[in-house]
Amino acid sequence: MKIGQYQPELDGVGLRIGIVQARFNDAICAALREAAVAELERLGVDGEDVLLVTVPGALEIPLALQKMAECGQFDALIALGAVIRGETYHFELVSNESGAGITRIGLDFGIPIANAVLTTENDEQAEVRAAEKGRDAARVAVEMANLLEALDVLGGDDGSDEDEDEEEEDR
């Protein structure tokens, strides 16, 4: 049996991407951002179509993502942060809560969110992973934005609200 298969699309031309970056562990987060932005540019996303906002730390990322998702102006979002284990339980709390919040926003609003909030044992691990994870986040955002657009078209949603407008006119 032959089945249809969607091929990943990494063309970022015309996509609007929102980035939320934590300022805590700033050097690592800056490396994540630089790698993500460079990859977005390489994939064809115009700098005019990217909006970066910063927040104090990883726990604040989900709220900023939620506001960006609510506005409906973005095709995908990227979360950037670094949570590095310390001596207390705080690491688990921040890691778990920020991750769960990021996932929930994506599901609640139906928008792809590339989660590049690093959770590492030490600074060295974070430094080693920052560039690769930033690049990966950009690729995930572009691929998933294109996938959702393709699935919307497949499902008959052309992105317009014409059907809703016609229903209102009929009333």
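From the backbone N, Cα and C atoms, a Cβ is placed for every residue, glycine too.
Feature annotations, courtesy of TrEMBL:
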type     : residues                                : note
BINDING  : F24, A58, L59, E60, A82, V83, I84, N115 : 5-amino-6-(D-ribitylamino)uracil binding site
BINDING  : E87, T88, R129                          : (2S)-2-hydroxy-3-oxobutyl phosphate binding site
ACT_SITE : H90                                     : active site, proton donor
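On the structure: features taken from TrEMBL.
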| residue | record | Cβ within 10 Å |
| --- | --- | --- |
| F24 | 5-amino-6-(D-ribitylamino)uracil binding site | 17 |
| A58 | 5-amino-6-(D-ribitylamino)uracil binding site | 26 |
| L59 | 5-amino-6-(D-ribitylamino)uracil binding site | 17 |
| E60 | 5-amino-6-(D-ribitylamino)uracil binding site | 18 |
| A82 | 5-amino-6-(D-ribitylamino)uracil binding site | 27 |
| V83 | 5-amino-6-(D-ribitylamino)uracil binding site | 25 |
| I84 | 5-amino-6-(D-ribitylamino)uracil binding site | 19 |
| E87 | (2S)-2-hydroxy-3-oxobutyl phosphate binding site | 6 |
| N115 | 5-amino-6-(D-ribitylamino)uracil binding site | 20 |
| R129 | (2S)-2-hydroxy-3-oxobutyl phosphate binding site | 19 |
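In this chain, none of the residues that are 6 or more apart from H90 (active site, proton donor) has a CB less than 8 Å from its CB. Considering only the residues assigned to 5-amino-6-(D-ribitylamino)uracil binding, F24, A58, L59, E60, A82, V83, I84, N115, the longest pairwise Cα distance works out to 16 Å.
Farthest C-alpha pair in the (2S)-2-hydroxy-3-oxobutyl phosphate-binding residues E87, T88, R129: 23 Å apart. Within the same chain, no residue at least 6 positions away in sequence has its Cβ under 8 Å from that of T88 ((2S)-2-hydroxy-3-oxobutyl phosphate binding site). DSSP assigns F24 (5-amino-6-(D-ribitylamino)uracil binding site) to coil, not to a helix or a strand. For the pair R129 ((2S)-2-hydroxy-3-oxobutyl phosphate binding site) and A82 (5-amino-6-(D-ribitylamino)uracil binding site), the Cα-Cα distance reads 10 Å. Following the DSSP three-state reduction, the secondary structure of R129 ((2S)-2-hydroxy-3-oxobutyl phosphate binding site) is helix. In the three-state DSSP scheme, T88 ((2S)-2-hydroxy-3-oxobutyl phosphate binding site) is classed as coil. The two recorded residues E60 (5-amino-6-(D-ribitylamino)uracil binding site) and E87 ((2S)-2-hydroxy-3-oxobutyl phosphate binding site) have their Cα atoms spaced 22 Å from each other.
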